[in-house]
Amino acid sequence: MMGDRPNPPRAMSSAATTSPSVDKVDGFSRKSVRKAKQKRSQSSSQFRSQDKPIELTPLPLLKDVPAQEQPELFLKKLQQCCTVFDFMDTLSDLKMKEYKRSTLNELVDYVTVSRGYLTEQAYPEVVKMVSHNIFRTLPPSDSNEFDPEEDEPTLEASWPHLQLVYEFFIRFLESQEFQPSIAKKYIDQKFVLQLLELFDSEDPRERDYLKTVLHRIYGKFLGLRAFIRKQINNIFLRFVYETEHFNGVAELLEILGSIINGFALPLKAEHKQFLVKVLIPLHTVRSLSLFHAQLAYCIVQFLEKDPTLTEPVIRGLLKFWPKTCSQKEVMYLGELEEILDVIEPTQFVKIQEPLFKQISRCVSSPHFQVAERALYYWNNEYIMSLIEENSSVILPIMFSSLYRISKEHWNPAIVALVYNVLKAFMEMNSTLFDELTASYKSDRQREKKKEKEREELWKKLEDLELKRGLRSDGIIPT
Amino acid sequence: MAGADGDDSLYPIAVLIDELRNEDVQLRLNSIKKLSTIALALGVERTRTELLPFLTDTIYDEDEVLLALAEQLGNFTMLVGGPEYVHCLLPPLESLATVEETVVRDKAVESLRKISQEHSPVDLEVHFEPLVKRLASGDWFTSRTSACGLFSVCYPRVSSTVKAEIRQHFRTLCSDDTPMVRRAAASKLGEFAKVLELDYVKSDIISLFTALASDEQDSVRLLAVEACVSIATLLPQEDLETLVMPTLRQAAEDKSWRVRYMVADKFSELQKAVGPEITKNDLVPAFQNLLKDCEAEVRAAAANKVKGKRLNIMLPFIRLIQYTNQHVKSALASVIMGLSTILGKDNTIEHLLPLFLAQLKDECPEVRLNIISNLDCVNEVIGIRQLSQSLLPAIVELAEDAKWRVRLAIIEYMPLLAGQLGVEFFDEKLNTLCMAWLIDHVYAIREAATCNLMKLVEKFGAEWAQNTIVPKVLGMANDPNYLHRMTTLFCINALSEACGQEITTKQMLPVVLKMSNDQVANVRFNVAKSLQKIGPVLDNNALQTEVKPVLEKLASDQDMDVKYFAQEAISVLPLA
């Protein structure tokens, strides 16, 4: 993916002094060869579809029969809608497909406006109809290197029916007559588990509906809440540590965002563990950009609930800080700024040293977007006030990086930003600033000396290893 | 071991530990990688009493560092004083076996497995087995996952009471409520079965196997299929039918394609494990169903196993290509080219050539690419000319494919194609493509295109280069786009050696020197790099009179990178 981008032009410092030229912009446009890829659709992986054409006996419309017969007819229609059609074959069963579509439409309207239709017998039939239609093994992803940022998602072929089934189910769950105490016999752990697996669907429209469905279920079935959270845990852990592939991470995080919002205080150990052992490691995934906004929202939600979690969260981010991927580094910096926006000064003090060591590394990144993003912190008034309060700790950490890049960075915009930062520091604490400027050289020399001592130590150790290796074979493992 | 703890007092542990704590991850990593050196300096006793406790306590670090540590400790037996003391290594490895990152944990388990062999039977029961039990009953799933990999190494060497406990632990983990743990247990099921007594295989393993094979998660079920191979090998023929086959049959018809895929993928192994009789009655029909599976992935896996089956079964399947989708086609495309050598000339022309031609027109680029990448097999049998008419449009289209990886792949076959199609055909049809890649918007393509030119010149000779390639390459030096101008330099770097002194000095050098006045610093420092690169090809006179002054000028450039590379070139080249 990265390779798909042209190299950004490097130093233009000298070019800038001559005439402005075409070289000021990157010579290659992105549009070029990339052809718009055809949207393909895909059917669910139904194992062995039937060969015979499907026949459904048309039933009268619900509104055309007397009210007392409606519940019975409603059940019959639900049963008919359990029939699943093959949408990859665009020519088969056209009439019956249309019939099912109109029946589903009718059912959607019926649950929205009717009263008294939800008999106890209807619950298992509704759940059965929904299960028959939506639960299926998702088909394999069409291309091996599916890149959700670039490629068009494969769309579900049976959507014309599926959408109506989802629509119907949501109206059912939201209906005033809906009674969770009856429904919980049918909407159970197994049902939820299958529902969660569907979040891997490549079709964003389906994931959007699933989000609403799961949200409603979480809201109405108190007994399922812990189970749902645990299963989401498992999905995320598998995603992070085993497969790195799951299409619905953003949607699940969005739901979690609102769940976290509702957590009671003090937070249970289970929730804290979820934050530290699941949400933080989610930052390590390659496709972070696809769900970073939702993830950062969840993290900030946690910190607003319980500020004492700030330290473990920031330490976690520092531990997983990207080593090679600059785009990710920019995202981390963005999230960190969101965290700093809500940080309590007492928490800030606990974490400032390791934090600013990392920021100082970012500021001196040769990738100008990383450096720039980090330097923008100095435009944030709240962060500035925190830095000012703690300038005696932060300035010594930042100073040598800032001083060095003010002289060396290739990008003039960065150099300009660094000057502003240095100026701000000078105004904050001029005595310390002058001391650091004066000792800059000797500090560098001391560092170099230390470096040399290290080298000597290792050289001595290696000599020793050699000597001993010669003296008695087999001590040094190979 | 005598003498191993001689002058270690020279090295206070604090200094060494400082190295392991260095703020810079890279330095910390380097130190950990040389942990054996540190241990050696400390001597066995202090390694045991000071270094290992330190390592056990400070396990919170970057995963990279932990991975190196987990690996090192697997080789540490002699450094702690030999097998007698090997159990000292267990505490740090135990903590490592509980971390989240899979690679670290796997490495810790690997090291634990390794050092388990160095434990005496007594130590194994006193130190190692309790560790396995602790891991197996850990709170967080990671430790339980790690435990799964350790049962089979201690089982054969412990007493029967302990054996019973181990079996019980394994059973518990097979029904753990975290799917991650069940997956780990399922993946170790075959291995564990192998070390168990046959009676226990029949009583314990089979029921676990059956349960895992009908797990609610397909990721667990498919691992049971893998275990099936080992289990079937262990059982006597007469038990297979009742103990294994019902589960296997069910797996071949599982509602999840991933499970069916696994059956298709493990088909050869399964066939061997269950023997010819069951294969004929059960597996072959199942295999035929898998070849007709509704999911392309499954068919592709099955199709891959076609090679090596008898021809008469094979050909009908090959005809499947027309009806199926890209995964099958691309899987078959990668094997059918190889068939031409088996089938011989006549059969190839009759049966395979139409398929090749059809596949060269396939809508999916991978299919076409698979055919082109295996062209040499066909060339040996029928000669490439038979294909050239269909080949060209296929190549042209791949050359302009929207995915740069596809373009890259076709570039890599250019020298092969050029060799087989001959210089005339190449000049006429393919040369333009090769030049167009030089101005591709993806750097990797421009780079590959440069390298491709070099290989072509090696094939067709310097004279051909002078007439067809060099003028075009040098023309790009005046392009308004600085990336194109740099491409000229990259081409010159690649071509100078193959083109020889004459062309390099007379035609290329003047262009390079002229570019030293370019307004873009990137171009200028690449001029310095190019001069360094082509210097050895030039004669001494040109070096002294032409190259030297230009490099000296660049060495005082205002851009520091230009300066750097110019100075480097000056120091490397033999300038007077």
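Each Cβ is built from the backbone N, Cα and C atoms, and glycine gets one as well.
Under DSSP, residues within the repeat 'HEAT' (B:12-50) fall into helix, strand and coil as 33 helix, 0 strand, 6 coil. Residues or ranges marked as repeat 'HEAT' in TrEMBL: B:12-50 (among others).
Each residue in the repeat 'HEAT' (B:89-127) gets a DSSP state, and the totals come to 30 helix, 0 strand, 9 coil. What TrEMBL lists as repeat 'HEAT' is B:89-127 (among others).
TrEMBL lists B:89-270 with the feature domain 'Phosphatase 2A Regulatory Subunit A helical'.
Note on the repeat 'HEAT' (B:166-204): residues 129, 132-133, 136-137, 141, 144-149, 151-152, 154-156, 158, 211-212, 215, 217, 219-220, 223-224, 226-231, 234-235, 239, 243 of its chain, located 6 or more positions outside it, place their CB under 8 angstroms from a CB of the stretch. Residues annotated as repeat 'HEAT' in TrEMBL: B:166-204 (among others).
The repeat 'HEAT' annotation in TrEMBL covers B:205-243 (among others). Under 8 Å from some Cβ of the repeat 'HEAT' (B:205-243) lie the Cβ atoms of residues 170-171, 174-175, 179, 182-183, 185-187, 189-194, 196, 198, 250-251, 254, 256, 258-259, 261-263, 266, 269-270, 273-275, 277-278, all in the same chain and six or more residues away from its ends.
Feature annotation from TrEMBL assigns repeat 'HEAT' to B:244-282 (among others). Per-residue confidence over the repeat 'HEAT' (B:244-282) averages 85 (mean pLDDT, predicted model).
Under the heading repeat 'HEAT', TrEMBL lists B:283-306 (among others).
Annotation comment: TrEMBL describes B:352-390 (among others) as repeat 'HEAT'.
Here TrEMBL flags B:391-429 (among others) as repeat 'HEAT'.
For B:469-507 (among others), the entry in TrEMBL reads repeat 'HEAT'. Note: the repeat 'HEAT' (B:469-507) comprises 36 helix, 0 strand, 3 coil (DSSP; helix = H, G, I, strand = E, B).
Same-chain residues lying 6+ beyond the ends of the repeat 'HEAT' (B:508-546) with a Cβ under 8 Å from its Cβ atoms: 470, 474, 477, 482, 485-486, 488-490, 492-493, 495-497, 499-501, 553-554, 557, 559, 561-562, 564-566, 568-569, 572-576. The repeat 'HEAT' annotation in TrEMBL covers B:508-546 (among others).
Sequence annotations record features per position, and here TrEMBL assigns repeat 'HEAT' to B:547-576 (among others). Tertiary proximity for the repeat 'HEAT' (B:547-576) is limited to same-chain residues at least six positions away from its ends with a CB under 8 Å from its CB atoms, namely 509, 513, 516, 521, 524-529, 531-532, 535, 538, 540.
Same-chain residues lying 6+ beyond the ends of the repeat 'HEAT' (B:244-282) with a Cβ under 8 Å from its Cβ atoms: 206, 209-210, 213-214, 218-219, 221-222, 224-226, 228-233, 235, 237, 289-290, 293-295, 297-299, 301-302, 304-305, 308.
Counted with DSSP, the repeat 'HEAT' (B:166-204) comes out as 33 helix, 0 strand, 6 coil. Broken down by DSSP into helix, strand and coil, the repeat 'HEAT' (B:205-243) contains 33 helix, 0 strand, 6 coil.
The residues of the repeat 'HEAT' (B:547-576), classed with DSSP into helix (H, G, I), strand (E, B) and coil, number 22 helix, 0 strand, 8 coil.
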